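**Student:** What follows is a single structure, and I will ask about it in a moment.
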Amino acid sequence: MVRKIAVRRSAQVLYNNKGYHSMPTYLNVLNNAILRANLPAEKGNPAAYGITVTNHPMNRTSASLSLDYLLQGTDVVIAIFIIVAMSFVPASFVVFLVAEKATKAKHLQFVSSCDPVIYWLANYIWDMLNYLVPATCCVLILFVFDLPAYTSPTNFPAVISLFLLYGWSITPIMYPGPPSGLRCPARRTSSSSSSTSSSASLPRWPPSCCSYLSTTRT
């Protein structure tokens, strides 16, 4: 009687607890091995028999859910502060453009036969290099603190792409646009009744209106 009750055979299953379904999976493998080893010979192929296990994780507690919500809220706050901080970087590029225009340095370069394309391209390259310095610092800080929302293998390339595309797109917006063409220079008109010529300053109409006014007044 004691021999029948005593356990004469035992099996030990090793599993990795980092996998959520590793323990039931390996236990099911052991149960299938025991089942197929004890099948009678007349049952045929032992592989045709098996045990299917369905594993569903336990419901999460309110404490674990609140912690996840807190971490998600922290990630959102970090993203907002990064956006606010990086908005000051391209805004600082306007200072140098305004200074060049105020001191007539820009006009002097154009008078010295500087191509406007070269001028704006040089400004763009220099501003992008200045933008990459704080952008790289932000990426390194996120990487050092190892925030999963930003440094995971899936999200990290997207974060770097967002930083680069933001600098590439926002920097040209800081530059002034081309003239609208609504300014009309003063035109000299001559009177048919006298030989003297007088200068008249026309209002700021479009070029088509200016040409029409000049032809009607001659």
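The backbone N, Cα and C atoms fix where each Cβ goes, glycine too.
Note: TrEMBL annotation is automatic and uncurated.
Per TrEMBL, the feature compositional bias 'Low complexity' maps to 187-201. Marked as domain 'ABC-2 type transporter transmembrane' by TrEMBL: 9-175. Summarising the annotation, TrEMBL assigns region 'Disordered' to 184-206. For 76-99, 129-150, 156-175, the entry in TrEMBL reads transmembrane segment.
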**Student:** Please indicate, using numbers and ranges, the residues of the same chain that are 6 or more beyond the transmembrane segment (76-99) and have a C-beta under 8 Å from a C-beta there.
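**Tutor:** Contacts with the transmembrane segment (76-99): 105-106, 123, 127, 130-131, 134-135, 138, 147, 149-150, 163, 166-167, 170-171, 173-176.
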**Student:** List, by number or range, the same-chain residues at least 6 past the transmembrane segment (129-150) whose CB is under 8 A from its CB atoms?
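**Tutor:** Contacts with the transmembrane segment (129-150): 72, 75, 78, 82, 85-86, 89-90, 93, 156, 159-160, 163-164, 167, 171.
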